Amino acid sequence: MESLSALYKNHIVTLQERTRDVLARFQMDALLIHSGELVNVFLDDHPYPFKVNPQFKAWVPVTQVPNCWLLVDGVNKPKLWFYLPVDYWHNVEPLPTAFWTEEVDVIALPKADGIGSQLPAARGNIGYIGPVPERALGLGIAADKINPKGVIDYLHYYRAYKTDYELACMREAQKSAVNGHRAAYEAFQSGMSEFDINQAYLTATGHRDTDVPYSNIVALNEHASVLHYTKLDHRAPAEMRSFLLDAGAEYNGYAADLTRTWAAHGDNDFAHLIKDVNDEQLALISTMKAGTRYVDYHIQFHQRIAKLLRKHQLVTDMSEEAMVENDLTGPFMPHGIGHPLGLQVHDVAGFMQDDTGTHLAAPSKYPYLRCTRIIEPRMVLTIEPGIYFIESLLAPWREGPFSKHFNWQKIDAMKPFGGIRIEDNVVVHENSIENMTRDLKLA
């Protein structure tokens, strides 16, 4: 495989091409991209954890340093002003010398407010991309050039197509996340609490809890029925029944997002249901190919859920087609089949049909689906079906004409296990699908 530096060099060529195109389209001279600033907690002198502007880390793998600036015009070498204060109160990141610094002019910026003296004097035709509009106004950027929608739509649309450098980074993020999942499973088997399982995960991935790309979901037993459960109980339950782990990792600013579900005992109905969800997830991935609308795979999985509900006698005396048509599968899988993945976990432009930002909403029947694009080579997506036992969603079905088809006794017996989700991260290629997660032998 090519070195990361060689891949990065080509990555910058691609970003420069996109920049030239978008600047020509909107008749602008350059883009000034801001890493962001620290924001203090209200009435306190303590800042929230810093999260970098994703459009900034698309160019450089600098994810922990506020007050940095990039100036790009698609022609000249990108300029990075790297915040390098004299400060004995806080750690200061050294001026970077890494695989990527040959492709960027790196300039020390000793004072956060010193950027104004470094920029070109004529700024009326420079666009600002960043989280602090007032800072841009103070630099003389025109109000209509601050986060201009057309520019951002264009940049977001093409972020769906990963460069080889980006794919290499995402494969590295997978490795960390897989290590974390294995450590967390061992912690679960040894009877640890959610809090301690999470600590084992972070240790194995080398992340702090502020470094992971999203808050880890570490859910034992019925907690797995809360889709984004992040509480982390300090005490292990008296009886271990199930464990759902939805946790990722980051490498050079690129995310992994994996989910696995395990049963404490391998011979009960819930364990058999996990195996079947896993098998259907893999079967769905085997049908994927470039040129198909992502929505089709979501709809297809509802048909697969109907098959499982029937096989496990959770819904009875109804055809699989009728289950889907009448949305009896809906309360069991209330979220989408997945989403784009990249610099952000729920990566941008999932609904964008072209580089002008044309929006195609999710079907009204499945409003929580996060992607309606036709999948194409170089896209990275999650495939994360699930079956859950969520009382607030099941309750309306306990009354009415369809209630008789639900095997309430069996459903209620499943509720203490919470639910199941299996999530892999896949890359679309011209004639194949690469499953980055399974390639690392995460069962």
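Going from the start of the chain as shown, residues are counted 1 onward.
Cβ atoms are placed via backbone N, Cα and C, with glycine included.
Note that this is a predicted model, so its numbers are computed, not measured.
The Mn(2+) 1 site recorded in Swiss-Prot includes Asp257, His339, Glu384, and the single candidate from Glu222, Glu280, Glu320, Glu423 that the record places there is Glu423. Among Asp246, Asp269, Asp412, the residue that Swiss-Prot places alongside Asp257, Glu423 at the Mn(2+) 2 binding site is Asp246. Under the DSSP three-state reduction, Asp246 (Mn(2+) 2 binding site) is assigned to strand.
Within 8 Å of the Cβ centroid of the Mn(2+) 2 site, not counting the listed residues Asp246, Asp257, Glu423, the chain contributes Ile217, Ala247, Gly248, Leu258, Thr259, Thr382, Glu384, Arg421.
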